[in-house]
Every structure is written in C-alpha cells, then in structure tokens.
Amino acid sequence: MGQLISFFQEIPVFLQEALNIALVAVSLIAVIKGIINLYKSGLFQFIFFLLLAGRSCSDGTFKIGLHTEFQSVTLTMQRLLANHSNELPSLCMLNNSFYYMKGGVNTFLIRVSDISVLMKEHDVSIYEPEDLGNCLNKSDSSWAIHWFSNALGHDWLMDPPMLCRNKTKKEGSNIQFNISKADDVRVYGKKIRNGMRHLFRGFHDPCEEGKKCYLTINQCGDPSSFDYCGMDHLSKCQFDHVNTLHFLVRSKTHLNFERSLKAFFSWSLTDSSGKDMPGGYCLEEWMLIAAKMKCFGNTAVAKCNQNHDSEFCDMLRLFDYNKNAIKTLNDESKKEINLLSQTVNALISDNLLMKNKIKELMSIPYCNYTKFWYVNHTLTGQHTLPRCWLIRNGSYLNTSEFRNDWILESDHLISEMLSKEYAERQGKTPITLVDICFWSTVFFTASLFLHLVGIPTHRHLKGEACPLPHKLDSFGGCRCGKYPRLRKPTIWHKRH
C-alpha cells in the first residue's frame, strides 16, 4: 500500500522522463484495448446471462436489440373521469339501447325512439346555448348538455332548434332532437346520427325511413327517467374511455370557463374547482398517461580511495601526504620543510624505486612516473583513471605492446557508463510503473486471445429472434417458467 501511495506522489516527477511517459502510454493503451477485447469477446455478456438467467421474465420488457426494447403503457382515466363537479363528461352504452353521459355530479340518460313527448307550440325552443338555462335547474347540467350538443355536431346558428321542457314543470327535464329520416330535417338527422356513431361505438340506428325519430336527453333523478337510471342499470354500464376520447376530440371547439383542455394529454394548472394554482396542483393526477411518471562525481582521488593498486594512485598519495605535511609544519622554516619533504618522499618512494630498478635489471617494463595514458569517451568527455606508460630499455612501450590493457580499459569505461545510466534510470522509473506496464501487456495479450476465440453469450431458438431478457433453457423454454418448453432446437449465440 505504501509503495502504491509513493507511486502516485511521484507521478509529476517521473513523467518528466520520456521513457516513463512511454511506459504510461503503453499501459493505458493495453488496458483500454484489453477491456474492449473482453467486451467484444462476449465474456461480460456471458457472465450477465449466468447471473440474470430467469430473473427478468415478469417485468414485461422484451429487449429486441442493443438499444431497443418492447414496452407498453396503460391509459388510465380514473382521476379524469371521477364523478366530481366540473369534471369532464364520460360516456357509456348499455345493450345498444340506453346511452349514458356522466357530467360532473349529474348523469344523463340518452335514448333514440319514435315517441315525441315535446311539442313546439307548448315547450321551449333552444336557439342558443343560453336558452338551456330555461330547461335545466343547475348550471353544471347546462354546460354538459351544451358540450354534448357540440359533440353531436349541432350548429347553433344553422341547424333547427332543439326542444326542451320548461324547468318549472314537475315532470322533470327533457331535451329533444328531431332526427327523422323525413321532411326537411333529413340532412340534420343524418348528421346527429353520425355524431352518435362517433361517440358511441356500436351505436344501433333504430330510425326508419319516412318515419318520425327523436333523440331525447333526460337527467337521471327526474320522474321520466327513474326506471332507467337505477343502480341496477348504471352498475352494468361500464364507462368507456375510448368513447370519451372521441367525445373530447369532437368537442375541441367547445370552451368551458371552469376548465379548459389545453392539449390532448395535458391540463391547465388549476385545482378541481377551476381556481388558478401557480406551480401546479399535483400535475400527475391530471395527466391522461401517468408514468410509474470521469561522471557520478567519481574523481581520481575517490577512485584511488577505493583501489590503491595503481602507480597513479601512489603518486596521488605522495602529493597528498606532502600537502598535509606542509599544512602541519606551516610555522617551520622553509629549509626544515624542504628537508622533511625530501625525507618523506625518499621514505615513500624508496620502495617504488627499488621495485622499478629490479624490473629494469630484468628487462621488465616499469613506470618512471612521467607519462600516463587513459581512454577518453569523446561524446560524453568521461575517461578512465590514468595509468602509467611503462618503459623498457629506456624507451616507452609502443601502443600495440599493451593493446590488451587499453582495450580492457575501454570495456571498463563503457560498462561503467552503462551502469551509471542504468542506475539513473532506475532511480527515475518507479518499479511499480514497470510492473503496471508488464501486467497490462499480459492482460492485453490474454484479452486478445479471448476476442479471437469468442464466447457465446446466450441461447437462441434456432432461426428465430433474440429472446432477451428471457433466458432460454436447452428445451427452448424460459428458465423462470413464464413460457412453456417449446422443445425447439436451440443454439448458443454470440451477441444479439
């Protein structure tokens, strides 16, 4: 752990070296390419298949492709069609004979028959929507009838007026449309009957050619509609939201001051009584569709301190001794200093001179401490430790006579330079970075092998589409048991 922390702390330092940058680049490329190869090999998909097999059969979502899936949405009208004041009207039909419209707190019975209960001479004619106030006691009933009339296609300016019973009479409310297939109302009757077909799917037209036919609307609760508005009738009539949507579309030109339909699937931000509520009144309740909503400084003296088997080092020791002696005897006279120096030099050099004299007598090359040779590296300026140029028979040796010596020194110089460079690089390149580069390369090689081989990810029914997310067994059935075993041949498939 400490090595890893040190590695991250030294990132700004070792990135100054080109080699380190290369190692980092190689590591990143190897890791990224390795992950891509693993993904393309199908290993991840195969593991997901084993982990998730049989666990997604009940979610109702079928995956068709990589980014496409089969889904569904349920249209709910519960809040929209609730029986509250000023809610939208909703429609239902019972046995193709009785039609009902629920508007606010009121329910209306709609029938088509050949019986006329109203007469123009004795009842109220409705020429415009305001006249509905003479027929119905409650304003919420008036706007519902007004809306329904518009949905049927009634034109208040051009079409014949409707008839209604005056609200002061005890018999109850009644509104009548003449939709006969005769006389001068033939075209108007056809338009109203077509409106009924749009509002109520499966509407049966009982009108006969050449005979009278009327569409009547009664408010449930009045004496004239009591027999058909009981709970036994209304409980059997299931309000159909599709019919209601047809009703909304056909009534799109009708404006209601208490709630206005702004768009097909949205409402204005008001409360249930129509008062403005800036910021919304639980908007989800008013929607038709609600959703479940990253050199080492090696001087000649330093080398001689490590190795003293060189004539040059002997001479350096002599010079160094003399220098120290002069510092020690600084207050003595010059004569005494010279005498001491000569004495010391004689004591130190007697042994060397004796050895050289013996070598001279035996014709063996020796050093007279006057000339030295060394090997120099012309590019870097580094050189070897100077060595004495030997003498034999009074003359210096030819370079060819000690060729092996200077070739060996050259090899030592090169080795020393390489060792120095290696040590420098070792100091600047963390071992952790080298390890990362090595193992990332191994990871890339292994992933490349898996990518070339390929791993199957899931079963298919032979010759059919991808079954995801349903995981098939060898018999072609879903592992979770939602679908039976088809006993069709299956094949392992790579990707989908």
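Just so it is clear, glycine is given a Cβ too, placed from its N, Cα and C backbone atoms.
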| note | Going by Swiss-Prot, the cysteine from Cys92, Cys367, Cys388 that pairs with Cys237 in a disulfide is Cys92
| From Cys213, Cys220, partner that Swiss-Prot gives for the disulfide involving Cys207 | Cys213
| field | Those recorded positions of Cys164, Cys213, Asn376, Asn393, Asn398 having Cα within 10 angstroms of Asn368 (N-linked glycosylation site) | value | none
| What is the Cβ neighbour count of Asn376 (N-linked glycosylation site) at a 10 Å cut-off, with all protein chains included? | 11
| request: Give the distance between the Cα atoms of Asn178 (N-linked glycosylation site) and Asn393 (N-linked glycosylation site), rounded to the nearest whole Å. | output: 152
| request: Report the mean pLDDT of the predicted model across the topological domain 'Extracellular' (54-58), rounded to a whole number. | output: 51
| query | At the level of the C-alpha atoms, what whole-angstrom distance separates Cys135 (disulfide bond) and Asn166 (N-linked glycosylation site)? | reply | 5
| query | Considering only the recorded positions Cys92, Asn95, Cys237, Asn376, which residue has the minimal Cα-Cα separation from Cys164 (disulfide bond)? | reply | Cys92
| request: Can you grab the distance from Asn393 (N-linked glycosylation site) over to Cys92 (disulfide bond)? Cα atoms, rounded to a whole Å. | output: 136
